[in-house]
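K.L.:
If you scroll down you'll find the structure; I have some questions about it.
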Amino acid sequence: MAVASVAAALLAALGGALWLAARRFSGPRNQRQQGGGDPGLMHGKTVLITGANSGLGRATAAELLRLGARVIMGCRDRARAEEAAGQLRQELCQAGGAGPDGTDGQLVVKELDLASLRSVRAFCQELLQEEPRLDVLINNAGVFHCPYTKTEDGFEMQFGVNHLGHFLLTNLLLGLLKSSAPSRIVVVSSKLYKYGEINFEDLNSEQSYNKSFCYSRSKLANILFTRELARRLEGTNVTVNVLHPGIVRTNLGRHIHIPLLARPLFNLVSWAFFKTPLEGAQTSIYLACSPDVEGVSGRYFGDCKEEELLPKAMDESVARKLWDISEVMVGILK
């Protein structure tokens, strides 16, 4: 009897997932929401996207390329990035956009390892020498739920890549962003920031390590960084906003262990419930190019709309302290 009940429950769950999947498949799919626009909207604009070879970053790059932007893909694995760039050029050509030679929207691949401050500095030095302007910086790359490892500089990996690497990158490019104004900075965070806390006594997780907590902490740091940066950029005509993309089907969760027998059901449920990368990228695209947010800075967005933050994400004293400590950690000298 117990076995029959379990089997019935599993069949019911599977049937429900199939029904939802069918609804998702047959219902209207608004792939391009408010973040979309006409080809040419970003013509003449240079956009840097970190982690642009897969997932949200790739979808963001594809759409901004379609809109006519010159897109710089800052990626850790150059070979994979070159492969993705080739696919994006071909897709754009097939869709009737720019030709394979990139005469309208352009793609440039550059190596950038956010787990290495040396790599970040080398990347910025090269970019500052080669690029006369930078209109949009999208801090998209990230790691999630990885086992305890450290960056090249000895930082806990999730905090080091998700926060510190982008902190240094942004600071080194601020001069170019200011000279290119009006310009925008877009920071990709997560709703999971709600479960994070900034423990200044153990930012490197030497005392204890929890994958989920450390990811949430890094995403909370993204928001605090955005709000403090917005305060510092007042009057410069450079804006910075932060977003959550929702739950998206990407390879970001590759470190999450799912039992073998549960994988088919998980894959089906994720297909039914999770956003596609293009759907998840809409808020990044919206903040990068929409006239609706011109002059808007220091705000938190989801689904192309402003959302409220928990008080801990708006704590100005914590944001300032995190900024000061981050400057020391990455070696920025005043």
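Cβ atoms here come from the backbone N, Cα and C positions, even for glycine.
Found this in Swiss-Prot, in case it helps:
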type     : residues                                        : note
BINDING  : GLY51, ALA52, ASN53, SER54, GLY55, LEU56, GLY57 : NADP(+) binding site
BINDING  : SER190                                          : substrate binding site
ACT_SITE : TYR215                                          : active site, proton acceptor
K.L.:
Could you say whether, by DSSP, SER54 (NADP(+) binding site) belongs to a helix, a strand or a coil region?
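P.N.:
DSSP assigns SER54 (NADP(+) binding site) to coil.
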K.L.:
Only counting partners 6 or more residues apart, tell me which same-chain residues put their Cβ under 8 Å from the Cβ of TYR215 (active site, proton acceptor).
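P.N.:
Listed in sequence order, they are PHE144, HIS145, GLN158, ASN162, SER190, LEU192, GLY196.
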K.L.:
Counting all other Cβ atoms within 10 Å across every protein chain shown, which of the binding-site residues ALA52, LEU56 scores highest?
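P.N.:
For the binding-site residues ALA52, LEU56, the Cβ with the most other Cβ atoms within 10 Å is ALA52.
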K.L.:
Of GLY51, GLY55, the binding-site residues given in the record, which has the fewest other CB atoms within 10 A of its CB?
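P.N.:
Among the binding-site residues GLY51, GLY55, the lowest count of other Cβ atoms within 10 Å belongs to GLY55.
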K.L.:
Give the helix, strand or coil assignment DSSP yields for SER190 (substrate binding site).
P.N.:
coil
K.L.:
Among the binding-site residues listed here (ASN53, SER54, SER190), identify the one with the smallest other-Cβ count within 10 Å.
P.N.:
SER54
